[in-house]
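> Annotations for this protein, taken from TrEMBL, read as follows:
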- 40-62: transmembrane segment (TRANSMEM)
- 94-111: transmembrane segment (TRANSMEM)
- 123-140: transmembrane segment (TRANSMEM)
- 160-184: transmembrane segment (TRANSMEM)
- 196-219: transmembrane segment (TRANSMEM)
- 239-259: transmembrane segment (TRANSMEM)
- 271-295: transmembrane segment (TRANSMEM)
- 310-329: transmembrane segment (TRANSMEM)
Amino acid sequence: MAPNIKGQAIDRPKLTFRNVLKDIKEGTVALVVNPNATRIVIPLVVCLASILTKVIIAKIPYTEIDFKTYMQQIELINDGEILYEDIYGDTGPIVYPAGFVHIYQWIYWLANNGEDIPTVQQAFGYLFVITLILVIASYSMCNDIPPWCYYLLLLSKRLFSIYVLRLFNDCWTTACMVGVVVILQQASYWYKTSELASFLLCLVAGDLKVAGKSLYHLIKDGFNYKNTISKTNMFINPNMGPQLILLVMSTTNVIGVLFSRSLHYQFLSWYAWQLPFLLFSMGINVYFGVLIWFAHEWCWNVFPSTKQSSGALIAILSIVLVGVWVQFLKFSPAKEEDKIKKTQ
């Protein structure tokens, strides 16, 4: 017994083996399910990602699929060819826009005309870690995401393969799109979504400048609640915007994947980063979340794909989307309003 500031006795737990084991157990559980533990988990996940990419590059052989073709196409472009129909490689003609060309011109230079594969793998390893950091930033702007969602970001064998063993160009697109989501989340948090929307529309085409100005005033009126019949609680919570944006972008992305006519293995990089968040958004516990994750991972690791693996993938993505839809009220302004009323 020890006195506190007011002179009252405080019961302190005894230093026993049982209490130590209890503390270890509670700490371990917290590192899995307690959202407050993400401050510890996030640096750990980033460090592990960096280590894992280096170990994979060192221990597992590189597999050539399309990278040589990318370099052949860039070589033709560097020689002055600008007609897409005349730019080709071993596996086919170029089908990607100018952004792809600029990125792979840099890789062509970095890797000694594309010959230094280990250097390219290292670049893709850094890209993996950068994408992970962007995803973590996106998750961190949402409420109460538990640590187990962050751990799942490191558990996809296929995803690591896509990045550092196959060197697919989809990885660069994914990093850019995750970055866009983060920017949109920040914009919604600081109530500058209208300015960002106008800017992005102007980038698309000059003809959309008028539409951008109109959209600016439309959204601006919405945020300022002038001449509107919207409920004020819909946009007044600064934490609602980032979470809702990530939810909408994630679900629409998975819907697009679900209804694709065909899926290549590298397409996993399009949405694998968002899947842990969607599992959390279903309102399920860690056990079901991890179970669904590994079932989904199995579908992508079957090669060649079978009717069973393809059917399972369709079923899993459908379950995830339906589950998110059912649990949508978890993120709705109405529920936030109810919470506020209960605390008053």
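Cβ from N, Cα, C; glycine included.
Here the structure is a predicted model, which means the values were calculated and not measured.
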> Same chain, outside the transmembrane segment (271-295) by at least 6, Cβ under 8 Å from its Cβ: which residues?
32-33, 131-132, 135, 139, 142, 145-146, 148-150, 152-153, 155-156, 158-159, 174, 178, 246-247, 249-251, 253-254, 257, 312, 316, 319-321, 323-324, 326-327, 330-331
> Which sequence positions outside the transmembrane segment (239-259), separated from its termini by at least 6 residues, show Cβ-Cβ distances below 8 Å to it?
138-139, 141-143, 181, 184-186, 188-189, 193, 267, 270-271, 274-275, 277-278, 281, 314, 317-318, 320-321, 324-325, 328, 331, 333, 336
> Out of 94-111, 123-140, 160-184, 310-329, what stretch is closest in contact terms to the transmembrane segment (40-62), meaning most Cβ pairs under 8 angstroms?
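It is 123-140 that shares the most Cβ pairs under 8 Å with the transmembrane segment (40-62).
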> For the transmembrane segment (160-184), what are the same-chain contacts with Cβ under 8 Å, counting residues 6+ beyond its ends?
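Distant Cβ neighbours of the transmembrane segment (160-184) are 52-53, 56-57, 60-63, 65-67, 70, 96, 99-100, 103-104, 120-121, 124-125, 127-128, 130-131, 134-135, 137-138, 141, 193, 196, 245-246, 249, 265-270, 273.
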